[in-house]
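Below is one structure, written out as structure tokens; the observations come after it.
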Amino acid sequence: MSLISILSPLITSEGLDSRIKPSPKKDASTTTKPSLWKTTEFKFYYIAFLVVVPLMFYAGLQASSPENPNYARYERLLSQGWLFGRKVDNSDSQYRFFRDNFALLSVLMLVHTSIKRIVLYSTNITKLRFDLIFGLIFLVAAHGVNSIRILAHMLILYAIAHVLKNFRRIATISIWIYGISTLFINDNFRAYPFGNICSFLSPLDHWYRGIIPRWDVFFNFTLLRVLSYNLDFLERWENLQKKKSPSYESKEAKSAILLNERARLTAAHPIQDYSLMNYIAYVTYTPLFIAGPIITFNDYVYQSKHTLPSINFKFIFYYAVRFVIALLSMEFILHFLHVVAISKTKAWENDTPFQISMIGLFNLNIIWLKLLIPWRLFRLWALLDGIDTPENMIRCVDNNYSSLAFWRAWHRSYNKWVVRYIYIPLGGSKNRVLTSLAVFSFVAIWHDIELKLLLWGWLIVLFLLPEIFATQIFSHYTDAVWYRHVCAVGAVFNIWVMMIANLFGFCLGSDGTKKLLSDMFCTVSGFKFVILASVSLFIAVQIMFEIREEEKRHGIYLKC
């Protein structure tokens, strides 16, 4: 066995998700170009990488150094670390919650999977029944008496779907209206006293509130599963009335579904599988309850009855190794680059534009990692339990040049959910602007109930339009010698806009972004930095292009 074959599952997208596999299709979209890896042009790019990347880390280290005059301003946010005697930047509240509870989550993962295997082996209890019982126990342990609020929303939506099942369009609209309204209800009444609803419920106000009292924070993920069940049920009920038979009755069809995610999404289960018990088991499924990744109800039920080929030791082992690598990468960054604390205290006075930009860039990498690591832990947990969900992030945050592709690769299971339940039902590419507005409006509201986020969603649609139009215009010149380089120039502009927008929203804020832009365009050193950074981005984009071409040469056609 060669070294390449051993390392391949650790570096390829196929090693992340069994859904990504070589495709036999041959058409204009799959045509590949000769490899550029060994050309003189790319040898120059390799030299540039060897010079620029270390300089980027060095700039971040300088900004985080105890010798930096700004160090005293953010030192109070640092904690005692465990790597090389350095302090760790544990100031991000979201990742701190995960990091501080990592041991507890790991123990829970081992306990859950061990108990489940013992119970399934020694009793006649099915996977779905075990998930129901354990899920309810976990729900109460996590949210205490607030579990009643979650169950109330679940039951109301269940009732709407089943009462109006013979009127699919009315039922669907009603489900969406109430589903979205739950986000507003929770935002305004998450701690509304039970006693105010009915006096005899007042004792509930003094009961156990759970390990996670803020139940509403994680309800957004619960809502996606609740909507998935009810929409899948309505689709199945309508097909049943039209006498459509189950799609996996024959052995041939069953084999196809085992290998085809798209078929599993619409797998026509017996109507008895859409029971209240299975509904609760799915919504409260412990490994994915807190934050996903998202799997549809149809897919979950199918995988609970049939083991997919991806549930094997080799795939799960390599996935676990990739998780550990991501976890340790985050630890090294937090110990050596204190960029989160710097951003929180705005401790960048007299730093160069290059240093400030690296503070922002590594902040974006931390945001990516703080989402990727929990998602991979929960997906690993589900894999150990026999459920294969979509991988949420198949591209590094630094390996993106397209806004559209970035959206598809970032929170991928959520994107798949949105495509299935919003984008396609509203017409898909036939009404691209309208469906995009609907999609990003829901995405904005789902993330947080704020007008600025709704405006952010609409602005994203406006920002996507130039890329969509430019792609359509220049797609006729794909064979031209200059095409790749013109695309790279456009991609550099795209990256600048995406970086500045994300730095403004998530890292530097208005003050930091204004200072960065002022230093970049109003000083000689800043202008030099912009030129050199743009050249570096141009080189990076060329590498990104070739990575995707190499994937195509191996039959991998990703849209991101």
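Backbone N, Cα and C atoms are what each Cβ position is placed from, and that goes for glycine too.
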| said: On the question of membrane sidedness, does Swiss-Prot assign L128 and E549 the same topological domain? | reply: no
| task | Using a Cβ-Cβ cut-off of under 8 Å, list the residues of the same chain that are 6+ residues beyond the ends of the transmembrane segment (102-122) and lie near it. | result | 130, 134, 286-287, 377, 380-381, 384-385
| field | Which of 44-64, 132-152, 166-185, 486-506, 527-547 contacts the transmembrane segment (353-373) most, counting Cβ pairs under 8 Å | value | 44-64
| remark: Taking DSSP H, G, I as helix and E, B as strand, the topological domain 'Cytoplasmic' (153-165) contains 11 helix, 0 strand, 2 coil
| Within the predicted model, mean pLDDT of the topological domain 'Extracellular' (186-276) | 80
